[in-house]
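Positions annotated as disulfide bond by Swiss-Prot, on the basis of similarity to another entry: C38-C63, C42-C59. Summarising the annotation, Swiss-Prot assigns motif 'Twin CX3C motif' to 38-63.
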Amino acid sequence: MSFLFGGAPKMSSEQKIAAAETEVEMITDMFNRLSESCSKKCIPNDYREGDLNKGESVCLDRCVGKFFEVNIKVSEKMQGVAGQQQGGAGLSL
């Protein structure tokens, strides 16, 4: 009943494993979306060299930076919305 007083409820080992697996899936999905999006934007389909040139490297660096900035902003916004919903739910008792 610690969750009634602000503490997190105890999780069993199975729940912890399931939560960790979900987190790994989310991170893998984010990495795949990042790779696909930035590669599509920054690397041409006709490869001319074996290595990235300076323009491609700079483009990828900026793309990854923007991707993480947006990801952080969206996460913060969603946490704020979730907090408001939890706060509002407690007041309606």
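Including glycine, each Cβ sits where the backbone N, Cα and C put it.
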I'm trying to understand the geometry here, so how far is the Cα atom of C59 (disulfide bond) from the Cα atom of C38 (disulfide bond), in Å to the nearest whole number?
8
Might you list, by sequence position, any residue in that chain lying six or more from C38 (disulfide bond) with a Cβ less than 8 Å away from its Cβ?
C59, L60, C63, V64, F67
Using DSSP, what is the helix/strand/coil residue split across the motif 'Twin CX3C motif' (38-63)?
15 helix, 0 strand, 11 coil
